[in-house]
Amino acid sequence: MSAVESAVKKIAVLTSGGDSQGMNAAVRAVVRSGLYYGLEVCGIQRGYQGLLNEDIFPMDLRSVGDIIQRGGTILQSARCKEFMTLEGQQKGADILRKHGIDGLIVIGGDGSYQGANKLSKQGINTMGLPGTIDNDISFTDYTIGFDTSVGVVVDAINKLRDTMSSHERVSIVEVMGRHCGDIALHAGLASGAESILVPEVPFDLKEIADRMHHNFACGKRHSIIIVAEGAGRGEDVAEQLHLQYPNLEPRVTVLGHIQRGGTPTPRDRNLASLLGDFAVRKLIEGESDKACGVIKGELVLTDIDKVVNSKKEFDHATYELALRLSQ
Ligand code: F6P
């Protein structure tokens, strides 16, 4: 369907929640695809807060030039308490109508999706794009930013391995992931971590301490333990290990927001580009209140309601593999 036949003539795009690498590539895809299909496209600055502040401006081909390689988001992001209220949502929908905007593309995580779902209940056509490093969104294999953040963690672990092996130490690396251990898992598999602590799998610190002790006895020169923030604090794990085996003097590195920065990988840029274009096409076709994702290489559309109400399945087989290969 072309924009001429579609009820959607003018769309807007915003980024919301924690930023992620590749959000800019997604904004670029939305803007350029929207214009290509004959729509007017606006940007909204600072997420839902910017919507309520009417921080809305027209975007053209040049406004998204030179951003595909940049981390962060040119549209900036914010968390907005007012938008969590019904009054806030009604106000947001009224502002969009006032500007003649009949479709909104929201790039963000779970909370951002909930906002889009609420706006659709106020009569606005919405589409969600999964933009978060955590990879914690259901009905998509990957989220935009996840691949880059895993690369950041692996790069840090490569460096830590150099110094940890010189000093024959255990390195504890705390990574992001409040409810989802995917960053820890994928970085752990890629870096050969000896232990991976995630919120989805119960663990016993005594057993982990025994394993670290055993590793050194068997000739390992150093060990890496990755801790997803949702599984606990790296400092607490270090303390427990040291209590069990005083000769173990683990060093803790909290990677923090470093994981959200840096140039997006080609994989994240391409995912963002495919999903951005897909979201625009689906809005034109009359779809609304949907989340865009990719499953086994196929672009898929799922009700936002369904996405926000289901928990992403953890890949236990890959988890077992990572631990087996790191013995
Ligand atoms: O949701 C993405 C995320 O990076 C989480 O992994 C992390 O817990 C959180 O955002 C940090 O948020 P803030 O930007 O508020 O510190």
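Positions of Cβ are set from backbone N, Cα and C atoms, glycine also.
Nobody curates TrEMBL annotations by hand; they come from automatic prediction.
Annotated in TrEMBL:
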type	residues	note
ACT_SITE	ASP134	active site, proton acceptor
BINDING	ARG28, ALA29, VAL30, VAL31, ARG32, ARG161, GLY192, ALA193, GLU194, LYS220, ARG221, HIS222	ADP binding site
BINDING	ASP110	Mg(2+) binding site
BINDING	THR132, ILE133, ASP134, ARG169, MET176, GLY177, ARG178, GLU229, ARG251, HIS257, ILE258, GLN259, ARG260	substrate binding site
DOMAIN	10-281	domain 'Phosphofructokinase'
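Positions of the features from TrEMBL, shown on the structure.
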residue: ARG28; record: ADP binding site; Cβ neighbours (10 Å): 25
residue: VAL30; record: ADP binding site; Cβ neighbours (10 Å): 30
residue: ARG32; record: ADP binding site; Cβ neighbours (10 Å): 20
residue: ASP110; record: Mg(2+) binding site; Cβ neighbours (10 Å): 18
residue: THR132; record: substrate binding site; Cβ neighbours (10 Å): 27
residue: ASP134; record: active site, proton acceptor; Cβ neighbours (10 Å): 27
residue: MET176; record: substrate binding site; Cβ neighbours (10 Å): 24
residue: GLY192; record: ADP binding site; Cβ neighbours (10 Å): 14
residue: GLU194; record: ADP binding site; Cβ neighbours (10 Å): 21
residue: ILE258; record: substrate binding site; Cβ neighbours (10 Å): 15
Sequence-ordered recorded positions from ARG32, THR132, ASP134, MET176, ARG178, ARG221 with Cβ under 6 Å of an atom of ligand 1: THR132, ASP134, MET176, ARG178
Closest of ASP134, MET176, ARG178 to ARG221 (ADP binding site), Cα positions, recorded positions only: MET176
Pairwise Cα distance for ASP134 (active site, proton acceptor)/ASP110 (Mg(2+) binding site) [Å, integer]: 10
ARG251 (substrate binding site) versus binding-site residues ARG28, VAL30, ARG32 - nearest by Cα: ARG28
Distance [Cα-Cα, Å, rounded] between ARG28 (ADP binding site) and THR132 (substrate binding site): 17
Those binding-site residues listed as ARG178, ARG221, ARG260, and which of them has the most Cβ atoms within 10 Å of its own Cβ: ARG260
Cα-nearest neighbour of ARG178 (substrate binding site) within the listed binding-site residues, VAL30, ASP110, GLY192, GLU194: ASP110
Candidate nearest ARG260 (substrate binding site) in space, where candidates are the binding-site residues ARG32, GLY192, GLU194 and distance is Cα-Cα: GLY192
Inter-residue C-alpha distance, the residue listed as 'Mg(2+) binding site' and THR132 (substrate binding site) (nearest angstrom): 9
Helix, strand or coil at ARG260 (substrate binding site) [DSSP, three-state]: helix
When distances run from the Cα of THR132 (substrate binding site) to each of the binding-site residues VAL30, ARG32, GLY192, GLU194, the nearest one: VAL30
Largest inter-residue Cα distance among THR132, ILE133, ASP134, ARG169, MET176, GLY177, ARG178, GLU229, ARG251, HIS257, ILE258, GLN259, ARG260 [record-listed substrate binders, Å]: 32
